[in-house]
Amino acid sequence: MAEPLLQLSGVHTHIGPYHILHGVDFSIPASQLTVLLGRNGAGKTTTLRTIMGLWQASSGMIRFDGRDITKTSTPDIARAGIGYVPESMAIFTDLTVRENIVLAARSGPVEPARLDWMLGLFPALKRFWNLPAGNLSGGQKQMLAIARAIAEPRRLLLIDEPTKGLAPVMVRSMIEAFKALKASGETILLVEQNFYAASALGDNVIVMDDGRIVHSGAMREMVEDKTLQQRLLGLSLDAHQ
Amino acid sequence: MTEMAAGTTTSSEPLPRAKTDLLPLLIVPALALLALPFVGSGSTWVTLTVAGLAMGMMIFLMASGLTLVFGLMDIINFGHGVFISLGAYATLIILGPLAGWAQADSVWLNLGLLALCILAAMGVTGIVGAVFERIIVRPVYGSHLKQILVTMGGLIVAEQAIHAIWGASPIPIPLPETLRGAFIIGDVIMERYRVVAVGIGLIVFIGMQLLLNRTRIGLLIRAGVENPEMVEALGYRIRRLFVSVFVAGSALAGLGGVMWAFYRQTLTAGMGMEVMVLVFIVIIIGGLGSVGGCFVGSILVALVANYVGFIEPKLALISNILVMALVLIWRPQGLFPVARR
Ligand SMILES: Nc1ncnc2c1ncn2[C@@H]1O[C@H](COP(=O)(O)OP(=O)(O)OP(=O)(O)O)[C@@H](O)[C@H]1O
Ligand SMILES: [Mg+2]
């Protein structure tokens, strides 16, 4: 197999006095969707923030596209081609939907074809185009946050719990949107607690606990292996559906 | 800016309406009308209102940079007053060689002198602002307590530097001839300089609004005030934006300092520090980080001070604090709260 697009080796992260990540190792192959699972507080968000350079890894190495980005600044990591959708979504509520997207396309105006594609994935955004993003519902904010991450071509998307707090019908349309993203060849690292969504989307799965990786492999394998699910997640696919 | 908005809103469903918050804007005319019966005479009321507006614009000029610096960088800069004093003293660079222009019998020379003073002041305060950011503010990002202590220290050093350069005693400066006296329309008296101050304040306010709302830099500043981390995660190097905003904020304070100096026609090193209480009051009233709020807050505070000073002078001293208290009871985050992470 070719070299993975993203590779973490022995990454430790401290937040102030707290030691949160204890030597995280995993790799993300290109053009696939990898799901990162783990109970609350396992360190999923911290992992994504560390990749983005929002927390500095205290040791270990993060390689992206053959380059060491462990000590790279956040703006330069973004410029290397990583799009980020934080858990809090962090849309700019004071700016309109349009302005949010204009700003996200850093290198110039959004190409019309890309814009059509984005608005095709998330048609609701069209209706709110010139309204302050603060007026959007939670689900629409989530769509905007994802649209912002794909406003220009990226090599990798880091997406933190996009289905959190969404109604089931919204979760389903979110899954459809991710399927479309996958189909267009994006590489995605998706944090997802909803195992139904995770199993529907993931090519690969990584499970974290207590700041460590406790399992990684193909998603199909995990879906088929109920004992593995029970052991790692304490839930079964049936129970959650 | 891109024109990609064109033709994308095709849905036939009705759009939800944007929440626009006009209530705080209505306070100003409401207050002015409320004051009218208490003041009694219509012409006095106009005079007081113009005086209040002029005062408000000067406070706005002095405060607008500080509110952006706070909003964007979360920096409490007690040293901001330095830029006001420094801007005022920078007029001496121009008034020294060109003092004659103030007395000249030419509107153009008079106004040209004011314009040159403003340019000199903004240049000097902009440059000093860049240095101040680099050596005083940058080491204390993230710690409010250190910021307060260190910027206070910077303030003291800068005041002493002004004493060392220009001497410790107050320096009188001449108001250009054209700007003296008053426009008299019927029995309404409006001092010319105040009208000019209102004009300059409005120009700066409108310019800032255009910049913030119509340009990419403006978008970045507004986004950065709300969530600097996300702006970085989109690939923007926010440090550079910080520095530019700090420099622009210092230059605006310098402009405010010039206007304030010609208003008092006297320079003292402490003049910036004296207005800082007012400056902090208006940025708190306005909502930290909000330029529009700072504008409304400045006018509000200045109008109240003028009306109260006329109607019941004994209350003038506490009127500002009273306005702040009332506004904060109504809106604890200020008139136009800025969303935060
Ligand atoms: N800013 C912070 N300061 C101190 N501790 C933090 C901070 N952020 C996270 N932590 C701690 O780090 C650990 C991992 O948090 P993290 O947010 O990465 O978990 P998570 O897997 O994303 O959880 P969730 O599923 O609830 O989002 C938790 O114990 C959390 O309390
Ligand atoms: Mg999380």
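Just so it is clear, glycine is given a Cβ too, placed from its N, Cα and C backbone atoms.
Please treat TrEMBL annotations as automatic predictions, because they have not gone through curation.
Summarising the annotation, TrEMBL assigns transmembrane segment to B:21-39 (among others).
What TrEMBL lists as transmembrane segment is B:45-70 (among others). Within the chain carrying the transmembrane segment (B:45-70), a Cβ under 8 angstroms from the stretch's Cβ atoms is held by residues 32, 35-36, 39, 76-77, 80, 83-84, 188-191, 193-195, 197-198, 200-202, 204-205, 208, 221, 225, 245-246, 248-253, 255-257, 259-260, 263, 272, 275, 278-279, 282-283, 286, 288-291, 293-295, 297-307, 310, all 6 or more beyond its ends.
Look at TrEMBL and you will find B:82-102 (among others) tagged as transmembrane segment.
Same-chain residues lying 6+ beyond the ends of the transmembrane segment (B:108-136) with a Cβ under 8 Å from its Cβ atoms: 79, 82-83, 86-88, 90-91, 93-95, 98, 101-102, 150-151, 153-154, 158, 176-179, 196, 242-243, 246-255, 257-258, 262. The feature transmembrane segment is assigned by TrEMBL to B:108-136 (among others).
Among the features that TrEMBL reports, transmembrane segment is placed at B:148-173 (among others). Same-chain neighbours of the transmembrane segment (B:148-173): 76-82, 85-86, 89, 91-92, 95, 128, 132, 136-137, 139-140, 261-262, 265-270, 273, counting only residues six or more beyond its ends whose CB sits under 8 Å from a CB of the stretch.
Beyond the transmembrane segment (B:193-212), the same-chain residues lying 6 or more positions past its ends with a Cβ under 8 Å from any Cβ of the stretch are 50-51, 53-54, 56-58, 60-61, 64, 114, 175, 179-180, 183, 218, 221-222, 252, 255, 259, 262-263, 291-292, 295. Taken from TrEMBL, the feature transmembrane segment covers B:193-212 (among others).
Tertiary proximity for the transmembrane segment (B:241-263) is limited to same-chain residues at least six positions away from its ends with a CB under 8 Å from its CB atoms, namely 54, 57-66, 68-69, 72-73, 80, 83-88, 90-91, 114, 117-118, 121-126, 128-130, 132-133, 137, 173, 175, 179, 193, 197, 200, 204, 217, 220-221, 224, 231, 271-272, 275. Positions annotated as transmembrane segment by TrEMBL: B:241-263 (among others).
Here TrEMBL flags B:275-308 (among others) as transmembrane segment.
For the transmembrane segment (B:315-332), the residues of the chain that approach it from at least six positions outside its boundaries are 24, 277-278, 281, 284-285, 287, 297, 300-301, 304-305, 308-309, judged by C-beta separation under 8 angstroms. Per TrEMBL, the feature transmembrane segment maps to B:315-332 (among others).
Sequence-distant neighbours of the transmembrane segment (B:82-102) (same chain, 6+ residues past either end, Cβ-Cβ under 8 Å): 62, 65, 109-110, 112-113, 116-117, 120-125, 128-129, 132, 154-155, 158-159, 162, 165-166, 171, 173-177, 250-251, 253-258, 260-262, 267-273, 275-276. Under 8 Å from some Cβ of the transmembrane segment (B:21-39) lie the Cβ atoms of residues 45, 48-49, 293, 296, 299-300, 303-304, 307, 310-311, 331, 335-336, all in the same chain and six or more residues away from its ends.
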